[in-house]
Each structure stands twice: as C-alpha cells, then as structure tokens.
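Novice: Below is a structure I'd like to ask you about.
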C-alpha cells in the first residue's frame, strides 16, 4: 500500500475446498458474511462455496465508497434477523454512477449462482471492462493515490470494532490453544495414573532378583529345619524320675564292666556303695542286697 497498490487479504480462517466441495462452518465477521453462511448455520442449506468471498468484496467496496456498510448488522444480531436483513435491497445514493451500482448489485446478489464469482466475470462488468487487469496485478499502473509515509493512514481502533464470530477472539487463539494443550496434558497424565493404579491392582510386577532371593531363603530355611529334625531324632533326654528309679544292678554292671575293661583281677564283685544315699548303703535284706536306692528326703531336725 505504500506505493498506492492496495491489497485486500484475510486468511485468518481461510480454507481450501476440494472440487465441488462445500464449507459449513460459522466463521467470519457478521456484517461481511454472505446470506448462505447464515442459512447453513440455520440448517437451511448443506453448505456454501467461494461465492461468499465475492459477497464480502461487495460489502467492502460499498463501505469504501460511502463510509458505511450496506446492511445494518452487528455481532449481536440474531442469525434469523441477519438473514432477513441481507435479503433486502441495499440503498444506493443517486450521485453514484450507474456502472458502480451495476458492479455492486452483481457482487451483493443474494443468489450465489447469479453473483460474480470469477475474475473473468468481474472484468466483464461495465465499470471494469476497459481496465487492464494484468497491468494492475503486475503493479505497472500509476495509482491515483499514494499514502504518506510520515504518519499512520488508518484508525487502529477500527480493528477492535467487530468481534470475530467464535467463542473467543482470534487474537487470543495462541494463548487459548496453549491452555487447551496444558489441560489436555494434565487430563492425560491423570488418566494414565488411574490406569497404572488399576493395572497394579490387577497385575503383580515380577522382579526376578527378588524371586531368586526368596527361593534361596526358602531353601536355607528348609535345610535348617531338616538338620533340626535330625538332631532331635538322634537325641534322648531322660527325665529325673527315670534317673531316680534306675536299678542299682544296672549301674553296678556298668561300673563292673568299666573296671573289667581296666584289667581288674578275677573274683567276686562286691556291690559298690553309693555315697550320699541316705540309709541304704551296705544294707542287705533277707533275699540279698537292696536293689533300689531310697531317695526319700530325711525329715528336718528340729532345733
């Protein structure tokens, strides 16, 4: 625009359509949107195509010429009311040339099929029929107006006049998407944590090192138990009652056996008195020596 060659571009929410394809989203700024966009939002038609862009061009051309828009539509206007407003004929001032009105009427046609939709149809209008569009696109024409480079040539407040028809404005899209990704990541982490907890409850984590250690400990405990059982089986513990009632003859035989092995002389073996046996040592009965030691405790002497 610094050299006087103006460009109209708005690719914020532009899309590419396949051949014979239709768009069906409710996107754009209401005062510049074609009637079929609102009809699609109201589910009156299946979708719309490229003729909606040529309608927007007609709205911009009307606004550049008069300073106001051809239709009184705001961002808060209901969809059904917007559709009715756009179906009315816009007002064209009398001092406008017939060629310019002819161009606008063909751009602002409510029927997409009758609307200008190609560069060739645009060149066939009365206003642009004598214009060399190739020289214009190549910027070889001399513009009638060149803006000044010393100051701003537009009012920046106009950028905030209309809100984009979305849940939130596009200038906050980057921040909004970052927040959505953060929330999605947190939800994903929470879901994975819940799944991990459920899996841990249903499945045990196998640790080969711990399993081998557990088996080795079980083998050692089993070996220790076997050694203990064998030691208990080989040991014999006699009770005090058995020792008190043991026959003297057995002890005498054992003692004589020991003395015989030590090389004692032949002859009769006399019983060996047991010291400490109260009232039994050296006693004989009518049938022979006493066979048992009387270990009954002696009565305590009274002082």
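Just so it is clear, glycine is given a Cβ too, placed from its N, Cα and C backbone atoms.
Below, the features straight out of TrEMBL:
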COMPBIAS  171-182  compositional bias 'Basic residues'
COMPBIAS  225-238  compositional bias 'Polar residues'
COMPBIAS  254-263  compositional bias 'Polar residues'
DOMAIN    1-128  domain 'Protein kinase'
REGION    171-191  region 'Disordered'
REGION    223-303  region 'Disordered'
Novice: What average pLDDT does the predicted model assign to the domain 'Protein kinase' (1-128)?
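Specialist: Within the domain 'Protein kinase' (1-128), the model's average pLDDT equals 90.
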Novice: For the domain 'Protein kinase' (1-128), jot down how many residues DSSP puts in helix, in strand and in coil.
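Specialist: When I sort the residues of the domain 'Protein kinase' (1-128) into the three classes, I find 52 helix, 2 strand, 74 coil.
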